Amino acid sequence: MGAFLYGVSLQWKLDIRSKTLLITCYIVPLLFFAIMGGIFTSVLPEARDTLIQSMTVFGVTMGALIGLPPSLVEIYSSDIKKVYKANGVPLYLGIALTNISAFVHLLLMSMILYIAAPLAFNAQIPKKPGMYFIFLAIFIVVSLSIASIIGLAVKDQAKTSMFSIIVFVPSTMLSGIMFPVEMLPPIFKTMGKAFPASWGYGLMTDSAFQFDKLLPLSVIFVLAVCLCVVLLHKIDK
Amino acid sequence: MNEAIKISSLKKSYGTHLVLNGLDICVRQGEVFALLGVNGAGKTTLLECIEGLRKYDSGNIAIIGKVGIQLQSASLPGHMKALEAVKLFAKWNKVALDNTMLGALGILDFSQKQYYQLSTGQKRRLHLALALMRNPDILFLDEPTAGLDVEGRVSLHEQIRQLKEAGKTIILTSHDMAEVENLCDRMAILSGGRISFIGTIKQLNETVGKHYTITIQTESGTGKYASDNIGETLLALLTEYREKGETILDIQIDRGSLEQHFMKIAKGE
């Protein structure tokens, strides 16, 4: 247990030192919030009602999909995985540590948005903060599971960025955080349902338990975990 | 001498390419053993199979004792500090930090530097320290001095000698024949997925012959002669020159180098 906790705290420090996660989890989402928050609320005043949720979905999606995969590529596409094996450490430890660290970073960023949005743009605080944070945690976990697939499946950093962006752009554009989903053409509306951002945004906006929105996230998560297990086995060969 | 590692009928292939074709090797306790071969001969694959880092198709590997593995560079996250790596390995292996060992290897001098900031020599020393963390009986060193300057090389050779004196069994791969000649008790040369030679340097010389080159300089010119039997050939040449009435100005005798012997076996020349 001591080794695991030391590993978590070390991974936390490494993520801050590497700056990739720092930029994708904090700097870009908060900068986006500062600019787009101002634009959204002045163009469309009712955007204040969902500003926290939309900025959080953007930040979590970006931090998970673009921030996490490079850390996984560093571990699993290099000799670092041999270090794990040579010391009798299970290979899944790398993915566990990086995910826990990223989860904490994304939760922190989301809390900053939760506090800053009402102060800066008079944004509406979710009606049920407890439920909001539970749904936020679920959304972060599911987003990280998708990011883990990219990090394990792709072998080099340049290609990782490409695949991350391929998933990130439709996730944010089709999720309803930029403009109402109802305005999208039916095909894009359907496509958007394949990404966790749409369901996460829906859950956090409603702040009420809705099984029909939780189920797709659960299915995406289970499928992603299964795929990660398969990829880890492939790496272990 | 007791066995530290016993490998029998080891086979490993990548797809249809057979890399290790039924190897039998025995490494004795307390010896420094070198694995040699040209690039692609299967040294790293063999080493990784023994270390348990790679699965093999068939055969058997028996290891008697605790194992420590010094991996090549780029096997730690770039932003991890040297001391953090040492602490992490100590926790993984459930051992206390050995400051004497860390001091002897000079790790404490750069303990706060991040891995990407370390020189090649510092990385090698750090990896050696991590391999020694759980006080192993058998130590695997994969090209331990590759990329090191002369000072780093001499220092690491000294540390390897000290480890041997401490009773450790050491298995190393190397491309440096001088290093092998200086450090190793025995060697195995891999070629075409098989062991082409296994034994001491003396046995290697005997196997491939002495291969002396005799250069004789006279007033009329220079003659070069190859020989596997220096005594007989030299005597015959001196007699020949005397009968011709030529005055010998200089005689030079070169023994075939370990590199030449290695190439002869490894490439089947």
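Every residue, even glycine, has its Cβ placed from backbone N, Cα and C.
TrEMBL has this to say about the protein:
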- A:11-206: domain 'ABC-2 type transporter transmembrane' (DOMAIN)
- A:21-44: transmembrane segment (TRANSMEM)
- A:50-68: transmembrane segment (TRANSMEM)
- A:89-117: transmembrane segment (TRANSMEM)
- A:129-154: transmembrane segment (TRANSMEM)
- A:161-181: transmembrane segment (TRANSMEM)
- A:214-232: transmembrane segment (TRANSMEM)
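Spatially, the transmembrane segment (A:161-181) is adjacent to the transmembrane segment (A:50-68); three or more Cβ-Cβ distances between them are under 8 Å for residues at least 6 apart in sequence. Cβ atoms under 8 Å from those of the transmembrane segment (A:50-68) belong to residues 20-21, 23-25, 28-30, 32-33, 36-37, 40-41, 98-99, 102, 105-106, 109-110, 113-114, 117-118, 121, 123-126, 136, 139-140, 143-144, 146-148, 150-151, 161, 164-165, 167-168, 171-172, 175, 177-178, 197, 200-201, 204-205 of the same chain, restricted to positions at least 6 beyond its ends. Packing against the transmembrane segment (A:129-154) from elsewhere in the chain are residues 56-57, 60-61, 64-65, 67-73, 76, 95, 98-99, 102-103, 106-107, 110, 160, 163-164, 167, 196-197, 199-200, 203-204, 207-209, 214, 217, 220-221, 224-225, 227-228, 231-232, 235: each is 6 or more residues past its ends and has a CB under 8 Å from a CB in it. Sequence-distant contacts of the transmembrane segment (A:214-232) (same chain, six or more residues past either end, CB-CB distance under 8 Å): 91-92, 95, 138-139, 141-142, 145-146, 148-149, 152-153, 193, 196, 199-200, 203.
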